[in-house]
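Undergrad: According to TrEMBL, the record shows the following:
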type    : residues                                                 : note
BINDING : G98, K99, A100, I101, D102, T120, A121, A122, S123, S129 : NAD(+) binding site
BINDING : D125, D172, H252, H268                                   : glycerol binding site
BINDING : D125, D172, H256                                         : substrate binding site
BINDING : D172, H252, H268                                         : Zn(2+) binding site
Amino acid sequence: MFEKSTWIRLPRNVVVGHGVLERTVDVIDDLHLQGRPLFVTSPTPRRLAADPIAAQFEERGIDPAMVTVETASFDAVETVIETADAEEASYLVGIGGGKAIDIAKMASDHLDMGFLSVPTAASHDGIVSNRGSVPEGDTRHSVAAEPPLAVIADTEILAEAPWELTTAGCADIISNYTAVMDWRLAHRLKNVEYSEYSAALAEMTAEILVDNAAMIRPGLEESAWIVTKALMSSGVAMSIASSSRPASGAEHLFSHQLDRLAPDAALHGHQVGVGSIMTAYLHDGDPGVWTDIRDALASIDAPTTADELGIDADTVLEALTTCHEIRDRYTILGDGIDEQAAREVATRTGVI
Ligand SMILES: NC(=O)C1=CN([C@@H]2O[C@H](COP(=O)(O)OP(=O)(O)OC[C@H]3O[C@@H](n4cnc5c(N)ncnc54)[C@H](OP(=O)(O)O)[C@@H]3O)[C@@H](O)[C@H]2O)C=CC1
Ligand SMILES: O=C(CO)COP(=O)(O)O
Ligand SMILES: [Zn+2]
């Protein structure tokens with residue numbers, strides 16, 4: 001008897017392009033959202049996007065409530081939840097980088113309330129996914145959360161965001177190569193649930209980005225377009241899988257461990273990119289995939305070495321040898337690699 005079932009939750013509207021910020025109220029209409037919104041933003045995105053969007057709403061006679069968060073924390077999520085109750089908000093709008101969007105995402109999950117994602121930085125694929133990540137204790141990896149009802153990504157704003165945020169978003173996409181390799185391995189060895197559609201989409205997304213790498217340059221709106229579309233596609237792959245597996249393997253474990261060992265040293269995408277070079281090497285030591293990943297990262301100005309991440313060699317080795325412990329996710333790291341093996345992979349790939 002066939003008893004399988006699936007429930008895929010995706011954004012209903014994805015609006016990307018030049019000046020689309022001005023269409024935010026149209027998206028609200030299209031979704032038939034009523035009542036008062038609560039905007040969740042952070043200082044720079046507030047000035048660039050949240051205040052202008054608030055003005056649009058005010059012209060329509062709607063007065064949005066606003067919370068401006070400084071750091072990603074569960075206290076900030078709590079503040080949003082309390083404000084939503086106090087201000088009688090009907091839905092949330094996360095406006096900013098991953099910090100503001102994930103806080104809105106986690107709060108909306110708790111409140112059972114819809115939320116919209118308005119990214120001002122193409123820094124990682126969390127801006128569209130159904131996964132939320134807010135640092136708690138030692139935990140850095142994402143958990144299941146509310147997917148956005150809509151994503152409104154204005155390429156004019158995204159193109160002007162700091163270049164390193166965009167290169168981090170590119171590296172997060174390039175890391176899909178090794179995430180999918182790890183996922184297939186875990187499926188074969190541990191019977192981990194696997195989706196061919198999701199894996200193919202995640203891989204194809206990385207391929208399209210790498211094929212277009214030459215067009216990804218600072219300040220170009222077309223680059224913001226390419227990167228944002230790729231982030232959308234990667235987010236959809238995670239929603240299809242109901243897991244971050246298509247976009248997160250051992251290279252993400254490595255990055256999450258670096259976040260604990262060297263907090264705020266480097267951006268998420270840059271760390272997973274460097275991790276991806278090393279885990280691709282572990283999958284196959286011959287020049288090929290790992291050198292292609294390294295070259296693709298270098299071509300978009302993303303770090304390829306520990307030095308470029310601003311992280312010392314010992315920390316890289318500690319992260320590599322311990323990161324398999326942080327979560328129940330089988331990868332090429334298996335039940336852990338020893339220090340000798342870690343030093344070998346990091347040295348041979350030129351990471352240290
Ligand atoms: N859900 C997921 O799968 C994932 C979630 N994350 C989470 O995302 C967060 C990191 O995301 P990230 O986007 O790097 O962090 P932030 O949201 O902190 O943004 C990074 C920096 O860029 C600034 N900024 C944002 N947009 C612009 C812009 N257009 N122009 C100029 N400056 C801008 C912010 O300013 P300001 O400080 O003023 O806000 C901030 O200083 C973390 O909280 C992490 O846990 C990370 C990876 C995956
Ligand atoms: O960053 C992600 C995908 O790019 C989310 O992955 P994690 O579940 O490992 O946090
Ligand atoms: Zn990621």
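Keep in mind that glycine also has a Cβ here, set from the backbone N, Cα and C atoms.
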Undergrad: Does any of G98, A100, D102, A121, S123 have a Cβ within less than 6 Å of an atom of ligand 2? These are the binding-site residues; tell me which, or none.
TA: none
Undergrad: Checking the spread of the substrate site as listed (D125, D172, H256): what is the longest Cα-Cα distance, in whole Å?
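TA: Among the residues the record ties to substrate, max Cα distance equals 15 Å.
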Undergrad: For H268 (glycerol binding site), just count the other CB atoms lying within 10 A of its CB, please.
TA: 24
Undergrad: What binding-site residues in G98, A121, S123, H256, H268 place CB under 6 Å from ligand 1?
TA: G98, A121, S123, H268
Undergrad: Anything from the binding-site residues G98, A100, D102, A121, S123, H256 with its Cβ under 6 A from ligand 3? List those in sequence order.
TA: none
Undergrad: With the cut-off set at 10 Å between Cβ atoms, which of these binding-site residues ends up with the most neighbours? Options: D102, D125, D172.
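TA: Within the set of binding-site residues, the most crowded position is D172.
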Undergrad: Rank aside, I only need the closest one: which of the binding-site residues D125, D172, H252, H256 has its C-alpha nearest to that of G98 (NAD(+) binding site)?
TA: D125
Undergrad: Any idea what DSSP makes of A121 (NAD(+) binding site), helix, strand or coil?
TA: coil
Undergrad: Do me a favour and check the Cα-Cα span between A121 (NAD(+) binding site) and D172 (glycerol binding site); whole Å is fine.
TA: 13
Undergrad: Hey, of D172, H252, H256, H268, which of those binding-site residues are within 10 Å of S123 (NAD(+) binding site), Cα to Cα?
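TA: Near S123 (NAD(+) binding site) by Cα: D172, H268.
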Undergrad: Say you check the Cα of D102 (NAD(+) binding site) against those of the binding-site residues D125, D172, H252, H256, H268; which is nearest?
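TA: That would be D125, nearest by Cα distance.
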Undergrad: Could you check what DSSP calls H268 (glycerol binding site) once collapsed to helix, strand or coil?
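TA: Once the DSSP labels are grouped into three classes, H268 (glycerol binding site) ends up as helix.
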Undergrad: To test your reading of the Zn(2+) site: which residues beyond D172, H252, H268, same chain only, put their Cβ within 8 Å of the Cβ centroid of those residues?
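TA: Checked against the 8 Å cutoff, the neighbours are H124, D125, A168, A171, S175, A247, S248, E251, S255, G269, Q271, V272.
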